[in-house]
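Okay, so here's the structure we're looking at.
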Amino acid sequence: MIKVEKLSKSFGKHEVLKNISTTIAEGEVVAVIGPSGSGKSTFLRCLNLLEKPNGGTITIKDTEITKPKTNTLKVRENIGMVFQHFHLFPHKTVLENIMYAPVNVKKESKQAAQEKAEDLLRKVGLFEKRNDYPNRLSGGQKQRVAIARALAMNPDIMLFDEPTSALDPEMVKEVLQVMKELVETGMTMVIVTHEMGFAKEVADRVLFMDQGMIVEDGNPKEFFMSPKSKRAQDFLEKIL
């Protein structure tokens, strides 16, 4: 599904990703964890070309998306992205937020887009909020709308960039529940997260990153019970 080979990314002279290579299978759920500044979010943003790599290749479903003339908008149609700070349109209702990309990018009819949006809102438990504007929603509700909006494009892959880190603690659970339900559908998911219990419970694999490199790549149970690297041991001791 996703093949990353020797991926590198720099901002000025600062090398953020250093020759990263990994493969993610279809239907696999991969949690990306590590200390702040380790390159986790940059790695995720490279997967849908929100950041353009300086070197290496990314291949998704046999298509190398890092080729110079790649249509980035086409790539993003098939990859849903959920951000830390929601990125909802403040001047559009919940329903309009979810319908926007299917109507304007995929050219779906408004009726079809609305039916799909309403169905997704039922799934994330927010159908009754469909005509509200984002400023009327809690942080957890905004993030659930953001997940529904990403799913409205029928993506093959979902990327989550610390989806709960901007939320009050009591709102984290409702967002994680929606994500758990998505895992059960067999969606391919890459999740940058600080929620270690969630990573342990739902991930098929854990990538531990530090200083722009993947230091460990393995089974969540083994990683959390007995990390191999000193850096991972130190990290887990501080947060668990």
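Using the three backbone atoms N, Cα and C, a Cβ is placed for every residue, glycine included.
Pulled from Swiss-Prot, these are the features on record:
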DOMAIN    2-236  domain 'ABC transporter'
BINDING   G34, P35, S36, G37, S38, G39, K40, S41  ATP binding site
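The Cβ of S38 (ATP binding site) lies under 8 Å from the Cβ of M209, D210, Q211, G212, each of these being in the same chain and 6 or more residues away along the sequence. Taken together, the residues of the domain 'ABC transporter' (2-236) have an average pLDDT of 94. Note: the ATP site is recorded as G34, P35, S36, G37, S38, G39, K40, S41; in the same chain, M209, D210 also have Cβ atoms within 8 Å of that site's Cβ centroid.
According to its DSSP assignment, S41 (ATP binding site) is helical. The binding-site residues listed here are S36, S41; among them, S41 has the most other Cβ atoms within 10 Å of its own Cβ.
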